[in-house]
Amino acid sequence: MASTRSIELEHFEERDKRPRPGSRRGAPSSSGGSSISGPKGNGLIPSPAHSAHCSFYRTRTLQALSSEKKAKKARFYRNGDRYFKGLVFAISSDRFRSFDALLIELTRSLSDNVNLPQGVRTIYTVDGSRKVTSLDELLEGESYVCASNEPFRKVDYTKNVNPNWSVNIKGGTTRTLAVASAKSEVKESKDFIKPKLVTVIRSGVKPRKAVRILLNKKTAHSFEQVLTDITEAIKLDSGVVKRLCTLDGKQVTCLQDFFGDDDVFIACGPEKYRYAQDDFVLDHSECRVLKSSYSRASAAKYSGSRSPGLSRRSKSPASVKRAGHSSAYSTAKSPVNGTPSSQLSTPKSTKSSSSSPTSPGSFRGLKQISAQGRSSSNVNGGPELDRCMSPEGVNGNRCSESFTLLEKYRIGKVIGDGNFAVVKECMDRSTGKEFALKIIDKAKCCGKEHLIENEVSILRRVKHPNIIMLVEEMETTTELFLVMELVKGGDLFDAITSSTKYTERDGSAMVYNLASALRYLHGLSIVHRDIKPENLLVCEYPDGTKSLKLGDFGLATVVEGPLYTVCGTPTYVAPEIIAETGYGLKVDVWAAGVITYILLCGFPPFRSENNLQEDLFDQILAGKLEFPAPYWDNITDSAKELISQMLQVNVEARCTAGEILSHPWVSDDASQENNMQAEVTGKLKQHFNNALPKQNSTTTGVSVIMNTALDKEGQVFCSKHCRDSSKSSREQTSAREAPPPPESPRPPGPPATSGCDPAGTWRRHRD
């Protein structure tokens, strides 16, 4: 009853009770003996509520009350923000009991770390003529400007709502006619607008915010409007978005640029923008976001500045698709006779290398275009896949003209997207064995087909239990299909960090696997040139044993003479590569020695305290090898002796892969069974970012398969000796003359057998 009366008090006025005519309980008046007539005598309406205490009389009509209760709609702008379209608020006494409550709600909606960081404390009229201090001063349909403590900034806020894309424009004005005319002109030139999802990444320090925006005829009315939408979504620290750049560094200048080949853009503010390499390189987290965004897209494209430094090439999940490139790949398979080093050389960048928190390597940028010529459509039954253009198989296998990939293999989802190749799940229909189908788009390799051909020709020749095998090869006019062995056990670091027990004997077995693969390759006069833990994958067998398999032959080549191309990964690069005096097969032995050192202590033998590449190279050239205590106190002298032989700066004194296999520490199990898993794992995580636990070990194997020779261009680096142009000229002459190789390659040995001799949980394949 009390709540009902409180509501009625808002609409009725309490007055003194007057006696009704004829009422028995009426009291005579005390003034002059005269009596006051009833309510009708005063023209008042009797109260519907008859109480012993009071009566209520209606003073306002229901229409007036309804008008008072109706919310007033007003638009609020940010002070000085000419790109903010304004926010419409419905203001009613029920929603906002006080003016302060409105300020709190406006702060929540309009304030962030860039705009109004101190909150909304003042409201101006749209012309700045006065301040609003109460809810009653807010009028229906008017606009207001919100500010903190700063003075009013004079801006034509009403123009922020661009009439070119407003849906509520009222007709009848000259401005409206002009807008309508402009709309008709724009419609005539908007045939290029097709529905497209683009990703915009804010410039600045990583990790960077990325937003996805759908562009179509309803959302992309003008270039300025799209910029405004991006500004509102991306929220740059420096304010509004002034320019957009593709991952190639090209500035977007018109609406049509959004509908080209590029799908990823970098948003830049009003600050002077420096085109640094880091801004156009996506790190691992950004690539994951983009991969999830475009996993259902019909095509993907990779681009961006090359990574000039020596670094681990972690592959981001995207591929490149260049429109207009339709060069045919030669269907004839020439025998491997070695690719000259001059063919593998690429222009050397002068920019410094970059790194990300998750990986010391750089990433290519990601782009996406339409589905023209996309390999995934072909794999799923397109006409191109129904023809096997090359009758020549791999390792003696033949495929008939009528043979199709889909008849023999069941093709699954995409499990890896690289710069120049896409990797899909692949299962043999007859055996159920899993493989990885690597699809290389020839259009992306235009002008550099010899690099791919060199890599594939080497893969055709090698067949060893410690090397990832090329199972089958097929080809169409637009794509190259490689059925590869799929290794799911992770890389070398994963094998150590994920195990519960890791001993010196396990490390000995790992070195045996690596040396076995190197002896086989060197017997074919093939140098790998990129031996590192990331390219050593763990193969797990049904009986619980494991072995290492070497992959990623993008830098591999046949040694016909001294090589001068400066390439590799800094930690594992041999001194003769840095010195540029010519090198051969034994650069792989040096890298294997560095890996052996890391396997036993968790950190590399040569390292820079300041993380400077020049310091690292100086230490490698000096070759001063130390076994610091206490990390090496429990390691056998036999292991230290082998490492010292593998890390000889003098190439002639350095041991060969065959000598590694015959060393007692490797062949006679002269190693100990002491568990050093915790110590080695701790140092690995301290010195190697890629040694951190991975969510999916299969991803590591897919990344190795996904690499191509074209991805290795970033690992052809400029050493400190390359600054002398005269020496560079001399080296080019020496490379053309091709003097005899520094070491005599052994004749190819017989194919390795599949027998194994268990050593702990690690297999040792005997050649």
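Start at 1 and count along the chain as shown; that gives each residue its number.
Each residue, glycine too, has its Cβ placed from N, Cα and C.
As given in Swiss-Prot:
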- D530: active site, proton acceptor (ACT_SITE)
- I415, G416, D417, G418, N419, F420, A421, V422, V423, K438: ATP binding site (BINDING)
- 7-19: compositional bias 'Basic and acidic residues' (COMPBIAS)
- 24-43: compositional bias 'Low complexity' (COMPBIAS)
- 301-311: compositional bias 'Low complexity' (COMPBIAS)
- 327-338: compositional bias 'Polar residues' (COMPBIAS)
- 339-362: compositional bias 'Low complexity' (COMPBIAS)
- 369-380: compositional bias 'Polar residues' (COMPBIAS)
- 721-734: compositional bias 'Basic and acidic residues' (COMPBIAS)
- 738-751: compositional bias 'Pro residues' (COMPBIAS)
- 196-279: domain 'Doublecortin 2' (DOMAIN)
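In the predicted model, the domain 'Doublecortin 2' (196-279) shows an average pLDDT of 77. Each residue contributes its Cα atom, and for A421 (ATP binding site) and D530 (active site, proton acceptor) those atoms are 19 Å apart. Note: the CA-CA distance between D417 (ATP binding site) and the residue listed as 'active site, proton acceptor' rounds to 21 Å. A gap of 21 Å separates the Cα atoms of V423 (ATP binding site) and D530 (active site, proton acceptor).
The local packing around N419 (ATP binding site), expressed as other Cβ atoms within 10 Å of its Cβ over all shown chains, amounts to 26. Sorting the domain 'Doublecortin 2' (196-279) by DSSP state (H, G, I as helix; E, B as strand; all else coil) yields 20 helix, 26 strand, 38 coil. The maximal spread of the ATP binding site, taken as the longest Cα to Cα distance among I415, G416, D417, G418, N419, F420, A421, V422, V423, K438, is 14 Å.
For the pair I415 (ATP binding site) and D530 (active site, proton acceptor), the C-alpha distance works out to 24 angstrom. According to its DSSP assignment, the residue listed as 'active site, proton acceptor' is coil. Secondary structure at N419 (ATP binding site), as computed by DSSP, is coil.
Rounded to the nearest whole angstrom, the C-alpha distance between D530 (active site, proton acceptor) and N419 (ATP binding site) is 18. The local packing around D417 (ATP binding site), expressed as other Cβ atoms within 10 Å of its Cβ over all shown chains, amounts to 26.
Most Cβ neighbours within 10 Å, among the binding-site residues I415, V423: V423 holds that distinction in the structure as shown.
The Cβ of the residue listed as 'active site, proton acceptor' has 27 neighbouring Cβ atoms from other residues within 10 Å, across all protein chains displayed.
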